[in-house]
């Protein structure tokens, strides 16, 4: 039985080396600009960093993918096309993209460059995925985090390209690539500038024993004393509606689908993705090591072990998300 | 099955880490006692040494816009005010002396237990995880803190305790020996401590806390 491929995040060269050393099959990263969806201060890779990282990874038989997964701004295609050209020049193993125009550019200019469809494209049905395959030669699709495992199985039965699914980390519950919640509050877009809840617009303040988080001047959560905190994203904001404050979209929680490896394998999934390019190298080392151990155990036909990753998760809670969501 | 050799080593390593954390916190507590000029000179020397050993990170810190971050351990008498940008510098300031927006104070503050802050600066622990667990509090310019965190986390094998020891003369030569032997030795001290009568044990704990800078030099009079 072929094992899953383990696709791991890196926000810095040190994090990439941590991921490689901990057992990644591939590491995904972004350039240091708005061409990727984790465009945060102090994060990401210069061109030279990518060159060095590709050398380090390839020497250890690990692949490197570059996420160029934001949407080019009208009249300003340059940075995105240059990112594609540089990724090809630097001999990365695949680029992860969402914009059809950019996919067309890459397919035409670099026919040997392997194309993956980013979760930012939100391609969640057979027709959409076939279109990307037929039009641009996309070889793998990263599925949005809104599908159940039976839906993934049904999808895989009808398409002939690989699927990759998120198994751990921050959980985006919206239609990715089309969410404008953060844009409304900050004027900056996750889809164009690569910044969901940009740090420049986030403030934390202590209110007695409570911790308040604000985004663009809007209070989006107040964590009581001792209550675990979450990211300052509007989709996980706690708002007053009706009887009192409540999580209207999603609670602060992290995805962890380690218990679903047998089901995901049966559903025909090829690759498992860990979220968290914005996280530190200690997170990456711990989570990648845990998943590598789980995958090796699973491949050997033994029950998937329970590995404690509680210390790493947002809001202090873990979920299998839409994969097993009963209400769906 | 768990390797029986691993657990005791891990415990000894953790104990050794606690020891060197306590040692470095005590060292930090001594900086203001040197006087402002000598204290600043010592920290400037530490910063130069760190810049030599971690040129990539320190070049990035110098490229940042001019700003000040207060790194405030809640269990030490002293905080560190780091100025990033072209005028990169480090100063020891009394803890609680100022917060965001105060005159001459910081654009952002990171606050937490000393051991956690040290782990964070050395990249041993994930800052987001600490924040989720409320072990780390931040205020002020979030982007500044994020940039600082990501820059330092992008550096490999940062060993601030060893780096600090190397500007403290003989400690540089002693530290490796201490690290090798601290775990077992502290195990024995801990075992002996458990045999002491409680009043004596509490007295020793108070002395230790005072050395570490977590208690005032003079204990408050309980009758007051």
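Glycine is no exception: its Cβ is also placed from the backbone N, Cα and C atoms.
Please treat TrEMBL annotations as automatic predictions, because they have not gone through curation.
Here's what TrEMBL has on this protein:
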type    : residues                   : note
BINDING : A:172, A:179, A:196, A:235 : [4Fe-4S] cluster binding site
Practice prompt. Using Cβ-Cβ distances, find the residues under 8 Å from residue A:179 ([4Fe-4S] cluster binding site) that belong to the same chain and are at least 6 apart in sequence, listing them in sequence order.
Written response: A:172, A:190, A:191, A:196, A:235
Response to the item:
Comparing local Cβ density (other Cβ atoms within 10 Å) for the binding-site residues A:172, A:196, A:235 points to A:196
Worksheet item: Can you tell me the three-state DSSP label for residue A:179 ([4Fe-4S] cluster binding site)?
Response: coil
Worksheet item: Which are the residues of the chain, A:172, A:179, A:196, A:235 excluded, whose CB is within 8 A of where the CB atoms of the [4Fe-4S] cluster site average out, their centroid?
Response: A:173, A:174, A:176, A:181, A:182, A:190, A:233, A:234
